[in-house]
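I have placed the structure first, in the form of structure tokens, so that the comments after it can refer back to it.
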Amino acid sequence: MPLKGLKIGCLGGGAMAQALLTGLINAGIPAGDLYVSDTRRERLTFLRKELGVHALESNKELVESLDIVILAVKPQVVADALAETGALFRPEQTLISIAAGITTGFIENFLSRGVPVIRVMPNTACLLGAGASALCAGTHATLRDRERAMAIFTAVGRAVEVPENLMDAVTGLSGSGPAYMFVILEAMADAGVRVGLPRDVALLLSAQTMLGAARMVLETSEHPGRLKNMVTTPGGTAIAGVYALEEGGLRVTLMRAVEDATSRSREMSAGLK
Ligand SMILES: NC(=O)c1ccc[n+]([C@@H]2O[C@H](COP(=O)([O-])OP(=O)(O)OC[C@H]3O[C@@H](n4cnc5c(N)ncnc54)[C@H](OP(=O)(O)O)[C@@H]3O)[C@@H](O)[C@H]2O)c1
């Protein structure tokens, strides 16, 4: 386990930090090895009480004490947080940033030479341990740093490594993807109501169907087209539904959603530089 015996913490103790710390505890990391710092005292009290982690008021103390620091503040605050702590990072540490749109190069400008940086784009389902995260390595990150980050993000879901120039595409697909899936689920529930089902029943069946279909793709490694073919009998109900989806342009609409979100991510990261 690449995290065994290491001190790990989050600079910024918001929703994502809470999800990551919870995932690490569930993965067997002792709460005594986990840290968090935040400007809000009530968040620190809550996280100390809820998770049993060390909660520090000082970002500097956090950075000085840890092997792995996860930068988990909003993108707009990253420059301030790094102006305060950047000079304290040492090359034997790993700095992992989850701030959307902030590049490894931007972060490295605040650090001494040789400090390894990993950038990660997680998504909101990390809160339930079902996240989809992509990570990329900065200039000085080694296999050790990539393995550390992979271990952290597989504790809260699934994780893959991509080149940094694909991080906007990841933001458009899995970063923003939960929103598309929520819209689809709401529409499926409306559809269920339209054909006579009570709303709670329609929503439960829709959500469980999405979960089941996703698990079939992930756990069988079958192509989704083949799985679709397996459930569409000649002249049957599923193919009648699929025809309506094709007529409504669902595929192109989803492709356009991902493309537009990717372009928006590019524009926003350019604005943060
Ligand atoms: N939530 C998601 O689904 C998601 C998905 C992908 C990526 N991310 C990324 O994850 C990062 C954290 O997101 P989040 O949703 O967890 O945000 P959040 O809930 O706002 O958490 C950030 C926390 O850091 C505190 N903070 C602000 N400035 C600070 C400073 N200088 N030093 C220490 N703490 C400070 C904030 O306090 P105040 O509230 O008082 O400012 C807040 O408690 C963001 O960069 C976001 O882009 C989030």
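Every residue gets a Cβ built from N, Cα and C, even glycine.
Please treat TrEMBL annotations as automatic predictions, because they have not gone through curation.
For 7-101, the entry in TrEMBL reads domain 'Pyrroline-5-carboxylate reductase catalytic N-terminal'.
Neighbours of Ala72 (NADP(+) binding site), defined as other CB atoms within 10 A of its CB across all chains, total 27. If you look up TrEMBL, you'll see Leu11, Gly12, Gly13, Gly14, Ala15, Met16, Ala72, Val73, Lys74, Pro75 marked as NADP(+) binding site.
Secondary structure at Asn59 (NADPH binding site), as computed by DSSP, is helix. Annotation source TrEMBL lists NADPH binding site at Asn59.
Feature annotation from TrEMBL assigns domain 'Pyrroline-5-carboxylate reductase dimerisation' to 164-268. Confidence in the domain 'Pyrroline-5-carboxylate reductase dimerisation' (164-268), given as mean pLDDT, stands at 97.
Max Cα-Cα distance over the annotated NADP(+) binders (Leu11, Gly12, Gly13, Gly14, Ala15, Met16, Ala72, Val73, Lys74, Pro75) is 14 Å. The CA atom of Lys74 (NADP(+) binding site) is located 15 Å away from the CA atom of Asn59 (NADPH binding site). Separation of the C-alpha atoms of Leu11 (NADP(+) binding site) and Asn59 (NADPH binding site): 6 Å, rounded to the nearest whole number. Considering only the binding-site residues Leu11, Ala15, the Cβ with the fewest other Cβ atoms within 10 Å is that of Ala15.
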